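Novice: To start, I am sharing the structure in question, which I have written as C-alpha cells.
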Amino acid sequence: MISTFMVVVLLRLGAYEWTRSFAENKTYMKNVLEWHPPRMDTTLGQLENWGGEMYNFIHVWSWEKFGGSTGYDVHLWTIPVEYRCSMMLFLIVLGTARLRTGIRFLCLGGIVLFVLRSDRWEMVLFLSGMILAELDVMRGAHIPPAMAPTTSVLPLGEISNLRPKKTNSLLSFLLAILALYLMSCPDWEFGQTPGWKTLALFVPEWFTDQYRFWQMIGSILFVACVARSPWWQSVFNTDIVQYFGRISYAIYLVHGPVLHTAGYAIERWAWGVTGTDGWAYNTGFIVAAFVNIGLVIWAADVFWRVVDAPTVRFAKWLESNWFISD
Ligand SMILES: *[C@@H]1O[C@H](CO)[C@@H](O)[C@H](O)[C@H]1NC(C)=O
C-alpha cells in the first residue's frame, strides 16, 4: 500500500509524464508494453481510483489470472496470488495438523496432484513449501549443532536415530545446478529454444502457463537441494547475498516505479546516444541497465530502511500488544 501510494504521489508530481510517450513507443519497447499508470484529472480522482484498486487488491473471491492486480504497479500481481495461496495453505495446515505424519504426507501428496491437475502451479509451490518444511523438521535441520545429541550423553545404539540425518551433499550440490537450469526456462518460445526442445515435450498440454512447468519443478528442487548442501548454504550465507535477501522485498516493491519514472528516462538518454538500430539497441540497453540496476538497489535500500523495517517492527509491536499470549 505504501509503495503504491508513493506511485500516486509520483503521478501527481508528474514523474510518470516525462516517460509516458516513451513507455508506449514500440521503437524502444520491443518486448512487453508494460502498463504505465494513468494520471487522473484531479488529485481527489486519483486517490479515489487508488483506494478502489487497493480494495480490489485484497482479492480473495476469485482465482482468475492476475486477479486483484493493481495498475499502479503491475509487478505486484503476485501479492494477491500469494495472499490467496496463504489462505489455502493455512486451511490445509490446520486441517492436517492432527493427522499421523504418514497419513498427512499421503493427504498432501493427493492435494498436490489435485492442485497440479487443476492447473494451479502457485498452489503446488505453496504446498511443496509445506512438505519441505516438515521434512526439514523431521531430519532435524533446525537443531543447532550444539544441541544435537553427542556421544557422551546417550548410549551408542540410540545415537544414529537422533543425530540430524546425513544427506548426500554432492548429489544435492549437483541437483541444485540442474534445478537452476530448469528455473531458467525461457518464458517465450522455449519449445523452439535449443536445450529446451526435448524438455518442452514433457509439459502436459493442459498446463496453461507452459513455461512455468519446469520453472516450478526447478524451484522446488532447488530449495530442497540447498537445504541439504553445505556448499550452497555457504553461498547464501555470505554478507552480500544476505544483504540482498534483506532488501529483496523492497527491490520487488520499488523496481516498477523506479523503472517507469527515472529508469525509462535513462534508457531514452542511452538510446539517444547509441541509437536503436541492430546491436546499438542492445548496447544502449546494457548501458542504461548498469545505471538502472544501481538506482533500483539504492531506492530499495532507502525503502527498506525507511518503510520496510519499521513496518515489520510495528507489526511485532502490535502483535505483542494486541494478541493474547499464553
Ligand atoms: C517513437 O520514437 C521514435 C524515435 O524517437 C520516433 O521517431 C517516433 O515518432 C516515436 N513513435 C511514436 C508513436 O511516438
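In case you wondered, yes, glycine gets a Cβ from its N, Cα and C as well.
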Novice: Looking at the ranges 123-146, 243-266, which is given as transmembrane segment in TrEMBL?
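Specialist: That would be 243-266, per the transmembrane segment entry in TrEMBL.
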Novice: The transmembrane segment (211-231): which same-chain residues, six or more beyond its ends, come within Cβ distance under 8 Å?
Specialist: 121, 124-125, 128-129, 132, 135-136, 141, 167-169, 172-173, 175-176, 178-188, 190, 199, 203-204
Novice: Could you pull out which residues elsewhere in the chain have a CB under 8 Å from any CB of the signal peptide (1-23), counting only those six or more residues past its ends?
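Specialist: Sequence-remote neighbours of the signal peptide (1-23) are 29, 33-34, 36-37, 39, 43, 46-47, 50, 53-54, 70, 72-73, 76, 253-254, 256-257, 260-261, 264-265, 267-268, 303, 307, 311.
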